[in-house]
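Below is one structure, written out as structure tokens; comments come after it.
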């Protein structure tokens, strides 16, 4: 058992933890009944682990929204300390803990869930597969990394070559994401996740915005877009005046359901020259917050913890079970 201090923080949740000789969850905003349910759930998991004594977790909650994030945080601690591969999978309003295709435990919300909802086919819920409304393999890779941690298999439109391109004629991120998700869902009868993401640069009045992918023209490439952006900011010398935000809007659409919408932003600055070999799009010229590091210098797992898309997916996972239950 290590002395490592673990931390997870976003705008809705903030947890700090370490492995100790006992199980303890304390802090703000968590009902005592919820803490007891989580402890009971994870005590069952602990009984299956081959740990050296003492064993246990000590978690302080600074900010709390839902049990999904808290359970995921504790399981991540357990996985790192024990080299296990326990997955946390939200399903039909419940939270499943699984490893090696075996169900270890189930967290039920207050009031439980109906058996019809729980055992519904994947066409009526996320199931095991998510269809992402994009042919962009870079974007798909990010979603695959994010959803893979939650036990989902990701498909994209390259798996369905017969589907038409959906024109992004909207003037906002939400309009474009809705167009893609709702059109593809109508054509396939599947649950579809679409995103519209872009870079908003304050000195350019929010541009390139919804035109981020084609900022340099109809034959735009990542390199051309980055070059145009740096050219537009050539006379802006102070970093604080080169502030920018990556923005993501996610929309989940399914037949006969109201669509679900979440948004997130990742603040930073535009560099004066590209740097880094990872990521795609504007990552080489985007400085992450006050870190001085470019997004293209981050490994995938680091980026997913911080990025606009990672934040949006975590928001989506927080609200999806309630949306699914309401729409069923």
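Just so you know, glycine gets a Cβ as well, placed from its N, Cα and C.
Among 185, 197, 243, the residue that Swiss-Prot places alongside 134, 135, 136, 137, 138, 139, 280, 281, 282, 283, 303, 308, 309 at the substrate binding site is 197.
Between the C-alpha atoms of residue 196 (active site, proton acceptor) and residue 134 (substrate binding site), the distance comes to 10 Å.
There are 12 other Cβ atoms within 10 Å of the Cβ belonging to residue 138 (substrate binding site).
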